[in-house]
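Participant: So TrEMBL says this about it:
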ACT_SITE  ASP373  active site, proton acceptor
DOMAIN    324-459  domain 'PABS'
TRANSMEM  12-34  transmembrane segment
TRANSMEM  46-70  transmembrane segment
TRANSMEM  82-101  transmembrane segment
TRANSMEM  113-138  transmembrane segment
TRANSMEM  158-176  transmembrane segment
TRANSMEM  182-200  transmembrane segment
TRANSMEM  207-224  transmembrane segment
Amino acid sequence: MSSASANRNRIRLLGYAATVFLSSALLLVLEIVAGRLIAPYVGVSLYTWTSIIGVILAGLSLGNWVGGVWADRGASDREAGLVLAGAGIYCLLSLVLLPVVGDSAQRQGLSLLSASFLIAAVLFATPAALIGVVTPLLTTLALRLDARTGHVVGRMHALAAIGSILGTFLAGYWLIQTFGTKTVILGVGAMLIALGLSYLRLGSKPLVAAMLAATIGTMGLVALKDGLASSCEGESAYFCIRVADHSADAPFGEARGLVLDHLLHGINHAELPELLIAPYIQALDELARAHFADRDAGELKWLFAGGGAYSLPRAVKTINPQAEITVAELDPAVTETARERLFVDTSGMRVLHQDARLVLAQTTDSFDVIIGDVFHDLAIPYHLVTREFAALVHQHLRPGGIYAMNLVDAFPDPRLLKAVVKTLRAEFGQVDIWMEGPPEAERVTFVITATDAQRLPQRVDAQHGMQRSWHRVSDMVDRIGAPMDEIPLLTDDYAPVESLIAGLLTGENQ
C-alpha cells in the first residue's frame, strides 16, 4: 500500500471514529432533552422517563441490527450519510410534530402512561433507529481498512460510550439551561445533517441537492408552524416555567398562576397576599393556625418544604410579619420567577435553594410548623414520603408542632394516601386526613396533618380569605378501599409510589 493510500485510509478511519463519537453524543443529548420537551404535555415522572428511555433503546437496537445487515450487503459511506441526514431532518420535523401529537393525546384523554409512550414513540423512535445504524455500519467499513478486528471494534464501542457520556453531561448540565429545549433540538438536527452531508458530498450531486431541499423544506415548515416557539417562559435544571393569568379564578382584581411543566402550582393575588385561591394551600394554612389557636401566630416558626409560587409563605408573612419563615425551594429559577412575576417579596424570609430533606438533615433548627408542598400532581419525590423522612420531620418539630402536606390520589381507593398515612403513624401520635367536602371526582387532592399534640376538631372553618371548611375524614379513608394491612409502609429502601397510584397513571381512575 502506498503512503498516500495509507494516509487516506487513516483519515477515513479518523472520520468514522469521529462520526460514531458525535452521533452517539447527539443521541444522548436528544434523550435528555426529550424529557423536557414532552413535560408540558405529560409532566416528568418515572413513567415518562421509562417511555423515553425504552423507546430510544428500542429504536437504537433496531438501527444496530439494520446497520449490521446493511453493512454485510455492501452499504457504503453513502448510506451512512443518508441515515445521518435523515435523522437530522426528522429531529427538525419533531418540532412540528410535538404540538400535533401532544394536543391530540390530551384531546383523546389518554392516560399519562399511554400519552407518554405515544409522544415518545412518534418523536424519538425514528431518529434513534437511524442513528443506531451508524455504529455497526461504520465499524464494518473501518474493518475493510484495518484488519485488526479487536482494535477497531473496541475503539468504536469505546468512542460510542464516551460520546454518550459527554452528550448526557452536556445536555443535563449546560445545554438545556443555556439555550432552551427547542434550540438544542434544532442544533442536534443541524449537526446530524452536516455530518450526513459530509458523507454525501463526494457522491451523487442530485442526492446532496435532495437532502438540502428536504432540509430547507423542513425548516420552512418549522418556521410556518412556529415550531421554535417555546411554551416555557424559562427553562431551569428542573422545570419548564410559565406564568399565566388567573384573574378569572379570583373574586376580583389581578391574579397570576405559576405553571411548572404542565401543572398549575399556585395562584397569587396582586393586591391581597393573604388571599389563598387554591383550596389545598388555604387548607394547609388554616389547619396549622387552628392547631395553634391558643398561641400568637406571630411567634410561630415555619419551614416550607417547597416554595413554588410562594403563595403560603407570602400569606403568612403578610398576616404575621413577625413569624420566622424558612423556605426550602430546590430551583432558584422558580424563586426568581416568583419575585419578578408573582408579586412575592422574599426579603423577610430565609430562602434555601436545596432539597428539603437535605435542609432538614443539615440544620439544627426546630420549627413549630413544617409544610410539605413538593408534590406536583402525580410527580412524587419518593424520598419525601418515607419513614426516614418522617422521622427527620418529627425530629425538627418543636413540642406540640405540626406537619401538614398535600397529596393527589384516587378515590375511593387512595392507596398512596393510605401508605403515606401509615408511614407517618409510625412516627407521629396523631395523623389525620382532610377534605373540603364530598369528592366530586375520582382524582382528589387530600391534605394530611401529623402531630403528637391534641387532635383538631372534626371540622375546621377558614378564618381568612375564601369561606371554606375542611372535614376530618381519617376514619372514613381507613374503612374504604384496600385494608391497611395490605398497604406498604414506605421506606428509603422500598417506596413503590408509582405502583400505588397506577390507576391514575393508566387512566383507570381518571
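The count begins at 1 with the first shown residue.
A Cβ is built for glycine as well, from the same backbone N, Cα and C atoms used for every other residue.
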Participant: Grab the same-chain neighbours of the transmembrane segment (113-138) for me: Cβ-Cβ under 8 Å, and only residues 6 or more beyond its ends, written as numbers and ranges.
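Facilitator: Hits for the transmembrane segment (113-138): 16, 19-20, 23-24, 26-27, 30-31, 34, 37-38, 41-42, 47-48, 50-52, 54-64, 66-68, 70-71, 75, 79-80, 83-84, 86-87, 90-91, 94, 97-98, 101-102, 105-106, 156-157, 160, 192, 505-507.
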Participant: Around ASP373 (active site, proton acceptor), how many other C-beta atoms are within 10 angstroms of its C-beta?
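Facilitator: Total other Cβ atoms inside 10 Å, all chains included: 25.
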Participant: Is the number of Cβ-Cβ pairs under 8 Å between the transmembrane segment (207-224) and the transmembrane segment (158-176) three or more, considering only pairs separated by 6 or more positions?
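Facilitator: Taking Cβ pairs at least 6 residues apart, the transmembrane segment (158-176) and the transmembrane segment (207-224) are not in contact, as fewer than 3 fall under 8 Å.
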Participant: Report the DSSP secondary-structure composition of the domain 'PABS' (324-459) as helix, strand and coil residue counts.
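Facilitator: Reading the DSSP string over the domain 'PABS' (324-459) gives 40 helix, 46 strand, 50 coil.
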Participant: What parts of the chain pack near the transmembrane segment (158-176), using Cβ distances under 8 Å and only residues at least 6 beyond its ends?
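Facilitator: Answer is 17, 20-29, 31-33, 36, 135, 184, 187, 235, 237.
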